[in-house]
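Asks: One structure is given below, represented as structure tokens, and several questions about it will come after.
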């Protein structure tokens, strides 16, 4: 490849981290969900509603952090509605999740109509003092949105929580065998709802990150399948937070490679480059699913199954 | 506290009533939404439930929109009954449109009327091809059909965009991303002059009959449904789950492709980036609201078309965003799923000891 200087490589790495963060956040949220045994296909819809909620709040208050809070609240609220339906009314998780996605797409377009094509003012770039001025690694790793680092910390923390803490054990028990957890006296349904709403809040932050930081504007349908890719990622990662992070940056890399190739004038029509992340998702999904036992090792045993507490 | 208890036998009356209750809930929420937006709720309701039925032209438009929804939802119903979650009908629709358009572009002024058959067939094959990718990856590599079919929607949209911006662009089209306008011979025959309604409606109704027979009167349809309801029983009976997978996905892909072909060879008449209209996603709701039943699907498709036309009218006459359609469609599905709970279960007050 011509024109690949250390500077452009540093920028590519930085952009990869940036793009990967969106998917990582949402995927970590969905992982909490799924570890509790609930499959929420509504990620795309929650992220869209959170993207407009975050953007509108950001524009009207001038505060990104309030925007993120609004995104999280919107995501948690939508997840709460979903959770109430699937956990208490035992509606089909696939169908309810799909309804949430379709509803979210409509609602976000509806609410966002007056914000279309508005832009947020340019904000100073965040940089870690000292480290950001290092050659190469500085621009590549240490001039990022704070959420990029928070996401990494979150993945590590979640890994510890799931495998090393009592709370994580209860969460996993609820997803593996809700009957046993119920028999031991754990409130399966409230725990599941809490997990679903936490997952929704994280998807919400991811959605708000898209409209506040990633591409700071609002366009209808701007999540563009990232919610679905995040869902695929939880499976690729076999429900392990560390692998989610890895997969997300891989995805971010593919997304950014597309722009890099376009910038270098590679003779491929742009549409084929835009396809790349989606095709890559299919390819990785196929590679990973080839061996079903590998996925099943970590798959929560009761994923997607309704729970009816006995008398 | 309240407790949900399984009913010994689901009530027939409730099964018929629950879509109506769901509709009523959607209307109530809609009225609140209109009021919150400062619009007259009665005028809003009129746009959605009266105007689409008022004139002959409106009825013709209603049938035009209901046709693709019926076709796609029929195929999806077979998939969902077999417990296969094909949610990429939108992509299969787009690929059907692309293949049909590709054939239609080859017509010359001398080409006979037979070409319309080739155009529709190409659409069916295109949709089947896109669904076959999903079936193949699921069959051979156990790849999740939800994610694969959905990813393929984005791929199909990009493929369409490439074609209409690139090799298939109309040289005389003032640089607009569109193909040539298809010749009259390739266009689906219209039923009445002055209306856009075409014979697609009869194709859809014939398909309803065909699917009803397939689901309720054939052994293959029976095997497929058992596989969805009780996989272990199906295995014990020796029913092939692989055959069910391929049958369901090819059927639904073909139907979505046919809908795409009818759309480009009908009202659209050329390929543009605006071929994906969301019918593939709306049809998911149609299939559920129609209870995965061919006759039910007809009713729910008509209802969903009313939402489409009402949304367009609300935009032009009340200045409300068109996205209102999507909000109503989503609400209806939520309400229905919640109502359905009470078909199989009943709410009982249980005193806590």
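Cβ atoms here come from the backbone N, Cα and C positions, even for glycine.
Features from TrEMBL:
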- B:12-37: transmembrane segment (TRANSMEM)
- B:57-80: transmembrane segment (TRANSMEM)
- B:92-108: transmembrane segment (TRANSMEM)
- B:114-137: transmembrane segment (TRANSMEM)
- B:146-165: transmembrane segment (TRANSMEM)
- B:197-216: transmembrane segment (TRANSMEM)
- B:244-265: transmembrane segment (TRANSMEM)
- B:323-343: transmembrane segment (TRANSMEM)
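Looking at the shown structure, what environment does each listed feature sit in?
Replies: Sequence-distant contacts of the transmembrane segment (B:57-80) (same chain, six or more residues past either end, CB-CB distance under 8 Å): 51, 86, 89, 93, 192, 195-198, 200-201, 203-205, 207-208, 211, 214-215, 221, 224, 228, 247-249, 251-256, 258-260, 262-263, 266-267, 279-280, 282-284, 286-288, 290, 292-294, 297-298, 300-302, 304-306, 308-309.
Sequence-distant neighbours of the transmembrane segment (B:92-108) (same chain, 6+ residues past either end, Cβ-Cβ under 8 Å): 68, 72, 115, 118-120, 122-127, 129-131, 153, 156-157, 159-160, 163, 168, 179-180, 182-183, 185-186, 252-253, 256-261, 263-265, 268, 270-271, 275-276, 279-280.
Long-range contacts of the transmembrane segment (B:244-265) within its own chain (CB-CB distance under 8 A, at least 6 residues past either end) are made by residues 67-68, 71-72, 74-76, 78-79, 81-82, 84, 86, 89-90, 92-101, 104, 116, 119-120, 122-132, 134-135, 138-139, 145, 182, 186-188, 198, 200, 203, 207, 220, 223-224, 227-228, 234, 271, 275, 277, 279-280, 283.
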Asks: Taking contact to mean 3 or more CB pairs closer than 8 A (sequence separation of 6 or more), are the transmembrane segment (B:12-37) and the transmembrane segment (B:323-343) in contact?
Replies: yes
Asks: Below 8 angstroms Cβ to Cβ, which residues of this chain, lying six or more residues outside the transmembrane segment (B:114-137), approach it?
Replies: 86, 88, 91-93, 95-100, 102-104, 107, 143, 145, 148-149, 152, 156, 185-189, 245-246, 249-250, 252-262, 264-265
